[in-house]
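Pasting a structure below so you can have a look.
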Amino acid sequence: MLRTLLKSKIHRATVTDCELHYEGSCAIDEDLLDAANLLENEQIHIWNINNGERFVTYAIRGERGTGIISVNGSAARRAAVGDLIIIAAFAQVPEAQLDGFKPQLVFVDANNRVQHQRSHIPVQAAAHPQEGRPS
(Lines of atoms letter the chains of each structure in order from A and count residues from 1; the text may use other names and numbers.)
(Lines give C-alpha, C1' and ligand atoms only; values in the text may rest on other atoms or scores of the structure.)
Protein backbone atom coordinates (compact mmCIF):
# COMPACT_ATOMS: atom_id res chain seq x y z
CA MET A 1 0.00 0.00 0.00
CA LEU A 2 1.11 3.55 -0.71
CA ARG A 3 0.62 6.34 1.80
CA THR A 4 0.41 9.97 0.68
CA LEU A 5 2.65 12.07 2.93
CA LEU A 6 3.83 15.66 3.06
CA LYS A 7 7.11 15.77 1.09
CA SER A 8 7.95 19.48 0.91
CA LYS A 9 6.67 22.68 2.44
CA ILE A 10 7.63 26.34 2.09
CA HIS A 11 6.01 28.02 5.09
CA ARG A 12 4.70 31.60 5.09
CA ALA A 13 6.13 32.71 1.75
CA THR A 14 5.12 36.18 0.61
CA VAL A 15 3.51 36.53 -2.82
CA THR A 16 5.66 38.96 -4.82
CA ASP A 17 3.77 38.89 -8.14
CA CYS A 18 0.44 37.82 -9.62
CA GLU A 19 0.37 37.44 -13.40
CA LEU A 20 -3.19 36.73 -14.60
CA HIS A 21 -2.31 36.44 -18.29
CA TYR A 22 0.80 34.29 -17.81
CA GLU A 23 0.59 30.55 -18.39
CA GLY A 24 -0.68 28.87 -15.24
CA SER A 25 1.71 27.89 -12.48
CA CYS A 26 3.65 29.38 -9.61
CA ALA A 27 7.15 30.74 -10.16
CA ILE A 28 9.34 30.00 -7.13
CA ASP A 29 12.87 31.30 -6.54
CA GLU A 30 15.26 28.48 -7.48
CA ASP A 31 16.94 28.73 -4.06
CA LEU A 32 13.59 27.83 -2.47
CA LEU A 33 12.93 25.03 -4.97
CA ASP A 34 16.29 23.51 -4.05
CA ALA A 35 15.80 23.98 -0.30
CA ALA A 36 12.34 22.37 -0.40
CA ASN A 37 13.35 19.57 -2.80
CA LEU A 38 10.78 20.71 -5.36
CA LEU A 39 11.18 20.14 -9.09
CA GLU A 40 10.08 22.29 -11.98
CA ASN A 41 6.62 21.12 -13.15
CA GLU A 42 5.97 19.30 -9.86
CA GLN A 43 2.40 19.52 -8.59
CA ILE A 44 2.07 21.87 -5.64
CA HIS A 45 -0.72 22.88 -3.31
CA ILE A 46 -0.99 26.53 -2.32
CA TRP A 47 -2.81 27.55 0.83
CA ASN A 48 -3.40 31.28 1.19
CA ILE A 49 -3.14 32.31 4.84
CA ASN A 50 -4.72 35.72 4.19
CA ASN A 51 -7.96 34.61 2.53
CA GLY A 52 -8.24 30.85 3.10
CA GLU A 53 -8.06 29.94 -0.60
CA ARG A 54 -6.58 26.52 -1.37
CA PHE A 55 -5.64 25.44 -4.88
CA VAL A 56 -3.40 23.12 -6.87
CA THR A 57 -0.97 24.17 -9.60
CA TYR A 58 2.61 23.34 -10.57
CA ALA A 59 6.00 24.87 -9.84
CA ILE A 60 8.14 26.69 -12.36
CA ARG A 61 11.61 28.14 -11.84
CA GLY A 62 11.81 31.73 -10.69
CA GLU A 63 15.02 33.72 -10.88
CA ARG A 64 17.51 32.49 -8.27
CA GLY A 65 18.18 34.79 -5.35
CA THR A 66 15.28 37.16 -6.03
CA GLY A 67 12.72 35.77 -3.57
CA ILE A 68 10.13 35.60 -6.36
CA ILE A 69 6.85 33.87 -5.59
CA SER A 70 4.57 34.61 -8.55
CA VAL A 71 1.07 33.15 -8.68
CA ASN A 72 0.12 32.95 -12.35
CA GLY A 73 -2.80 32.29 -14.65
CA SER A 74 -6.28 31.85 -13.21
CA ALA A 75 -4.75 31.17 -9.78
CA ALA A 76 -3.74 34.85 -9.72
CA ARG A 77 -7.39 35.52 -8.81
CA ARG A 78 -6.82 33.60 -5.55
CA ALA A 79 -3.86 35.57 -4.24
CA ALA A 80 -2.63 39.14 -4.05
CA VAL A 81 0.84 40.61 -3.81
CA GLY A 82 1.78 40.61 -0.13
CA ASP A 83 -0.35 37.59 0.81
CA LEU A 84 1.28 34.93 2.97
CA ILE A 85 1.02 31.43 1.53
CA ILE A 86 2.10 27.89 2.27
CA ILE A 87 3.40 25.87 -0.67
CA ALA A 88 3.25 22.09 -0.20
CA ALA A 89 3.92 18.95 -2.20
CA PHE A 90 3.11 15.36 -1.37
CA ALA A 91 4.66 12.00 -2.20
CA GLN A 92 3.27 8.49 -2.34
CA VAL A 93 5.49 6.36 -0.13
CA PRO A 94 5.42 2.55 0.12
CA GLU A 95 4.71 1.38 3.67
CA ALA A 96 8.09 -0.38 3.76
CA GLN A 97 9.81 3.03 3.40
CA LEU A 98 7.75 4.99 5.93
CA ASP A 99 10.26 4.70 8.79
CA GLY A 100 12.98 6.60 6.94
CA PHE A 101 10.75 9.13 5.21
CA LYS A 102 11.10 12.76 6.32
CA PRO A 103 9.57 15.88 4.78
CA GLN A 104 11.65 18.92 3.86
CA LEU A 105 10.19 21.94 5.68
CA VAL A 106 11.49 25.39 4.72
CA PHE A 107 10.75 28.52 6.75
CA VAL A 108 11.30 31.88 5.09
CA ASP A 109 11.51 35.52 6.13
CA ALA A 110 9.45 38.41 4.71
CA ASN A 111 11.77 38.53 1.67
CA ASN A 112 11.38 34.79 0.96
CA ARG A 113 14.91 33.98 2.10
CA VAL A 114 15.46 30.67 3.89
CA GLN A 115 15.60 31.24 7.66
CA HIS A 116 15.73 27.63 8.79
CA GLN A 117 14.79 24.11 7.77
CA ARG A 118 13.42 21.05 9.58
CA SER A 119 12.36 17.53 8.76
CA HIS A 120 9.55 17.18 11.32
CA ILE A 121 6.52 19.02 12.64
CA PRO A 122 6.49 19.29 16.44
CA VAL A 123 3.65 17.75 18.42
CA GLN A 124 0.92 20.35 18.90
CA ALA A 125 -0.18 20.82 22.49
CA ALA A 126 -3.73 21.77 23.41
CA ALA A 127 -3.99 25.54 23.76
CA HIS A 128 -6.72 25.36 26.39
CA PRO A 129 -7.27 21.89 27.85
CA GLN A 130 -10.94 21.44 28.57
CA GLU A 131 -11.88 20.64 32.14
CA GLY A 132 -13.62 17.35 32.66
CA ARG A 133 -12.09 15.67 29.59
CA PRO A 134 -10.32 12.42 30.31
CA SER A 135 -6.53 12.62 30.06
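Using the three backbone atoms N, Cα and C, a Cβ is placed for every residue, glycine included.
Residues annotated as active site, schiff-base intermediate with substrate in Swiss-Prot: SER25. Look at Swiss-Prot and you will find TYR58 tagged as active site, proton donor, backed by sequence analysis. Residues or ranges marked as substrate binding site by Swiss-Prot on the basis of sequence analysis: THR57, GLY73, SER74, ALA75. If you look up Swiss-Prot, you'll see SER25 marked as pyruvic acid (Ser).
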Of all the recorded positions given, SER25, THR57, SER74, which has the fewest Cβ neighbours within 10 Å once its own Cβ is left out?
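Counting other Cβ atoms within 10 Å of each of the recorded positions SER25, THR57, SER74, the minimum falls on SER74.
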Which residues, sitting 6 or more apart from TYR58 (active site, proton donor) on the same chain, put a CB under 8 Å from its CB?
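Expected: GLY24, SER25, CYS26, ASN41, GLU42, GLN43, ILE44.
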Using the centroid of the Cβ atoms of THR57, GLY73, SER74, ALA75 as reference, list every other same-chain residue with Cβ within 8 Å of it (recorded substrate site), in sequence order.
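Going along the sequence, the neighbours come out as GLY24, SER25, CYS26, PHE55, VAL71, ASN72, ALA76, ARG77, ARG78.
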Which residue among the binding-site residues GLY73, ALA75 has the fewest other Cβ atoms within 10 Å of its Cβ, if you could check?
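Counting other Cβ atoms within 10 Å of each of the binding-site residues GLY73, ALA75, the minimum falls on GLY73.
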